[in-house]
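Peer 1: Have a look at this one before I ask anything.
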């Protein structure tokens, strides 16, 4: 069974591992760097940019896969799924228009407005810097609300800036908004949104165009340093719980979040056609319930590393059900186990990361700790591993209890040597208690 995988990060390593649990799978991967984890699982690798559509076509024509799985968002934005579907290859990953739920923040917010989907917030879209933009920010200031400045297109998770985090106040938000237009960051258009106050969580679904099957809820940790301090990153780690909920999230709030995602899938279908793939909702649990911060048209990274290792159902079967619109015929199950994922990242990340430095990994010690190792932005050359400037590698602890899973991950994360750092507090009961206390304060 030939499977084409596009992408070379830790998320794709998790996808590759999950696919290879089925002994019939022969994996063929297109990626830009030599990720050693994916490379070792692949029959053949094409080293090309994941947005190089002619290279994707050439590789697909050569290997003739029976199904394709697209990992990152960038190939979705250039129509990789459209191409593969046109070639007659069942594909897991939305086509270019449905993928706008991630690639165009304006599309996403307008969809919520048009179809009256719950969980939206105050926002306005702008295609130039001027009085209208300044007036909108001034109105938010008069309401006592801070703002978030979001370039409308893809920025690799680096373009969004939040007042109180990267920006001092709403006046500085205006300065950054002008910079986005001047430098054409993320395509040059902008969404200005109210800043939400609450606790973040993520919810993933398998989507086949009509049906959505939910996965366990996960909490990501975007801040670089312990105690949720420092700059925002792509995610320093995450955890999930044995009951598939989260300690601060009631069943009612989880149900409301699921309904928001269900209505989103139906609305995308009505607006631009069926969405097939993985859908990842990033939510903020506020005093008014769950609000959507943004959607991603793929698995979250790090969340894929929490979710896929505890998937009991054959992942290849799930992928075919997504591509063929048959999720309603499947009973998808996850193990009732806790997971804790921790990333090692280059010193200086995410502002000014070191690059091309050697990373030594004691794989045996990680294995002895009963953790799972995932390689991320790593390049292997002549048998040595080099960090490339983004998140380097992750370990995942899996156990019956969150405390045990955290201990496994923490023991394993110490087995990397190089110019890297990590957060030691992810998955600890102290940090989880802070989340619970924060939600209690919101309720008051």
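Residue positions begin at 1 at the first shown residue.
The backbone N, Cα and C atoms fix where each Cβ goes, glycine too.
As annotated in Swiss-Prot:
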- 140-202: ATP binding site (BINDING)
- 282, 294: Mg(2+) 1 binding site (BINDING)
- 282, 294: Mn(2+) 1 binding site (BINDING)
- 294, 296: Mg(2+) 2 binding site (BINDING)
- 294, 296: Mn(2+) 2 binding site (BINDING)
- 109-324: domain 'ATP-grasp' (DOMAIN)
Peer 1: For a quick check of packing: other C-beta atoms within 10 Å of the C-beta of residue 196 (ATP binding site), how many?
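Peer 2: Counting Cβ neighbours of residue 196 (ATP binding site) within 10 Å gives 19.
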Peer 1: Measuring Cα to Cα, how far is residue 296 (Mg(2+) 2 binding site) from residue 172 (ATP binding site) in Å?
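Peer 2: One finds 27 Å between the Cα atoms of these residues.
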Peer 1: For residue 282 (Mg(2+) 1 binding site), name the DSSP secondary structure in the helix/strand/coil scheme.
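Peer 2: In three-state terms, residue 282 (Mg(2+) 1 binding site) counts as strand.
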Peer 1: Just the number: how many Å between the Cα atoms of residue 180 (ATP binding site) and residue 294 (Mg(2+) 1 binding site)?
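Peer 2: Per the Cα atoms, residue 180 (ATP binding site) and residue 294 (Mg(2+) 1 binding site) stand 19 Å apart.
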Peer 1: Work out how many Å separate residue 282 (Mg(2+) 1 binding site) and residue 196 (ATP binding site) at their Cα atoms, rounded off.
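Peer 2: Rounded to the nearest whole number, the Cα-Cα distance is 12 Å.
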Peer 1: By a 10 A CB contact count over all chains shown, which of the binding-site residues listed here is most packed: 172, 294?
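Peer 2: Highest number of other Cβ atoms within 10 Å: 294.
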Peer 1: Just name the winner among 164, 188 (the binding-site residues) by count of other CB atoms within 10 A of its CB.
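Peer 2: Max Cβ neighbours within 10 Å, all protein chains included: 188.
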Peer 1: Based on Cβ atoms within 10 Å, give me the single least packed residue among the binding-site residues 282, 296.
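Peer 2: So among 282, 296, the binding-site residues given, the one with the fewest Cβ atoms within 10 Å is 282.
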